[in-house]
Amino acid sequence: MSPYVLALLLFSLGLGTTMTFASSHWLLAWVGLEINTLAILPLMAQNHHPRAVEAATKYFLIQAGGAAVLLFAGTTNAYLTGQWDIQQATHPLPIAIITLALALKLGLAPLHSWMPEVFQGLDLTTGLILATWQKLAPLALLLQIQPINSPLLIFLGLASTLIGGWGGLNQTQLRKILAYSSTAQLGWMVLVLQFAPSLTTLAVLVYIATATATFLTLKLAKATSINMLAISWAKAPALVALTPLVLLSLAGLPPMTGFMPKWLILQELSKQELAPTATLAALTALLSLYYYLRLTYAMTLTMFPNNLAGTLPWRLPSHQLTLPLACLAIATISLLPLTPAALALVAL
């Protein structure tokens, strides 16, 4: 792809998200989401592979459907309340429809079925954009409407953590595992959104750091399935030694950074007298932990059957920048002691 076209598409991605962030009118928010969707489609289909084209088509149809439902809900809200302002969405019917439309665009369970199939057709770089940047605009709209006392958000959050953990158990393709992981992490963010929006913001930031480190690691290892992880140690031994800690941070295991948002979310749910919800969410996190441990085992404790002469695989030198990966990996592993500072920042 031409660097000028790539720069234009990335600029459009940024423009669409920023427009949704800054808008207080439903039409402008809808336009921002549409710009976002249209900008990523050429990036998804740039390989001209049938799976990539199929993934781009599925993504377009799902996102177009979600945007149409969102526009319908905004129009319904304007009809019922006389307001196009996002902050003035007070009627329960439009709020419920908007929440479901944004859940479809985010990939929250039970509206998540498109995500594993779309991820499987993409390269890891585009998958990273889809798992992180593309979630920001719909999450910003959810934070703006803040459906108070909504059992729907609790249901979506618990279903996402459960299905995101359960769905990844029998997968062997890394991109599908990462898609289910994304669904599970989004479930945690949505669970606490109506009680402490600042914790949702913190969870998003930590997930972006850990997911970016994971995707860049797999891209450097050129791995797309669990079996391919077994030869990663010969390509980058130091990175393979560090990767299990990154994966366990993504799972939310102490003392890694990923434990911070889960700990605070469980604490907040308990304060809101939702101890059964917090218990169920903590138990579903064990399902996700299982497949992260599978990846860790495949990468560090297994060796691909080969002879001594073929131990170091022949390969072209990698042109991927390693400094961002190193910084993100360190941040993913070692920032748990900064929890009080993070709490002070999100409380501002």
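Using N, Cα and C of the backbone, Cβ positions are placed for all residues, glycine too.
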- Students should find that the transmembrane segment stretch in TrEMBL, chosen from 31-50, 151-170, is 151-170
- Item | Predicted model, mean pLDDT over the domain 'NADH dehydrogenase subunit 2 C-terminal' (289-342) | 77
